[in-house]
């Protein structure tokens, strides 16, 4: 009887010791792989960004007279990476030298390449808002003007965004120089300018306009990605598509 009881106690001690030392018995972090997973703090981390919806933009303009608004084009209204990707493969596969090649700009803006660009849903919603209000809409792009003076980007935008003839303004090709868009924003008295790049926001402020950020699509070929809200500007929610 004593021997049986002693054996039982020994078995209990051994079982308990095994339970304590077992790596699968209790929740531990020892088996986690480095750089995988996230803590709850990381999952719920928020950045101090002034998010705004298109509905809120509409509400802020309610009851106001028509204004002049400006739009950047690439990654703001159009997901144009397909055209830029093709241009890179054609003119400089191993570098971004194609962006300084006038032949590329001639091709992308006057040879129908933008028919392969995808109009963004957020762009369509913003365009519909401003056209319904009777606002004057201007397209100011950082692309250089085609050397032959002919472009088909205006027609592409007209078709993609269903812009009536009496509300259509031709695309302004501001070019790539520093602050290139500022003079056109001032010339056309732009009140709000929508763009995806830091330069868009900064140019708008230099021109006395409000720059509102539109999110650049994650799969854009235009890298590096900007830091949205970096200047305290309003950022359109869900505008990456």
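Note: Cβ is positioned from N, Cα and C throughout, glycine not excepted.
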Residue from 196, 198 that Swiss-Prot also lists as binding Mg(2+) with 72, 74 | 196
Record-annotated substrate site (Swiss-Prot): member among 100, 103, 181, 187 besides 141, 142 = 181
Between the C-alpha atoms of residue 74 (active site, proton donor) and residue 181 (substrate binding site), the distance in angstrom, to the nearest integer, is 14
Those same-chain residues, other than 141, 142, 181, found with Cβ within 8 Å of the centroid of the substrate-site Cβ atoms are 72, 73, 140, 143, 172, 173, 174, 175, 180, 200
Relative to the Cα of residue 196 (Mg(2+) binding site), which of the recorded positions 72, 141, 181 has the closest Cα?
-> 72
Starting from the Cβ centroid of 72, 74, 196, which together make up the recorded Mg(2+) site, report each further residue of the same chain whose Cβ lies within 8 Å of that point, ordered by sequence.
-> 73, 75, 76, 77, 141, 142, 195, 197, 200, 214, 216
